[in-house]
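Peer 1: Quick paste from TrEMBL:
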- 125, 190, 192, 193, 351: Mg(2+) binding site (BINDING)
């Protein structure tokens, strides 16, 4: 059958845009035009999206595999730290706790990234200054890093195998000092997102995202304490007293334009994955919404006011970390509300980049509290955005309007 000319032209334009996107890492000009290219591509011809995206996604097949294996290995270390009861905390300038698991997980993941993609930059949450100043803490982290190995030798080899020395470990941690930005390929890493949840045995996550031209493109999140069953309902107890008993531990992943996946965390190679999607929702009164445990991270009172406007009667589910993104992406919850508590607070890119890819690829929409797209290309923070709202596309406009009404009433 002959392809109608208008459809052929659309297909040709889609192919050219796909080619341009695949060349992004070596083109600063395309980097500046990437957001517009994606917008044109996503609206031009939906019937052809799957075909054109699939050819581009092959360029990220290695990135996805390395990221997933790196995160999986890092979760072995974090679980080891928790169960050995050797959690140690340091006081940082922002008063947030830092555990030895943070340092170890960051070392393992950055060494994996640098092994596979030596020219890529990394925006990490930690640096090695404290370890260089404290030999006992450094030795403890080094011991844990040495012990964290995937049981599958081939998988371990793909991410570079064991770190060679203490100094190599410290250098890996310090390689996470990228300033971020819109240039080329930059990874955003949170070695333990939800540190307080980790310390109390609740939900936490190991999060890694590849940003291309400032846009989150590959996202991987390891959640050792979430149930493997994607249909498991959310309840108030999910954020407390969790453990890694049988049936817990999930690895979530997504590539822009290719959908989102969940698979059980393992100690070796990657388990088979299955596609996940947000739960269809056209009536907000039936929604379950997630929010942070810590009141300092999100205004619980504003969230409650928004829920009331939307007719939501179910209690909120509070949990730490990007496990919230993962939970709504697989349909266990519906909405994620993170309203700013302070006008001066700037969200960190590593707290959201991976979760954003996964939710968007599961059929969700995300913006800041005022409906503005999240801009990950400015630096290490989302300084041009305030708050985070995530919801299924069908009800997203309604949710944003409720958010604006609540925030405007406070001004």
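Backbone N, Cα and C define each Cβ position, glycine as well.
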Peer 1: Quick one: give me the count of other CB atoms within 10 A of the CB of residue 192 (Mg(2+) binding site).
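Peer 2: If we count other Cβ atoms within 10 Å of residue 192 (Mg(2+) binding site), we arrive at 31.
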Peer 1: If you count the other Cβ atoms within 10 Å of each Cβ, which of the binding-site residues 190, 351 comes out on top?
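Peer 2: Highest number of other Cβ atoms within 10 Å: 190.
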Peer 1: Given the recorded Mg(2+) site (125, 190, 192, 193, 351), which additional residues of the same chain have their Cβ within 8 Å of the Cβ centre, ordered by sequence?
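Peer 2: These residues sit around the Mg(2+) site: 102, 189, 191, 194, 195, 205, 207, 321, 322, 348, 350.
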Peer 1: For 125, 193, listed as binding-site residues, tell me which one has the smallest number of other Cβ atoms within 10 Å.
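Peer 2: Lowest Cβ count within 10 Å among the binding-site residues (125, 193) is 125.
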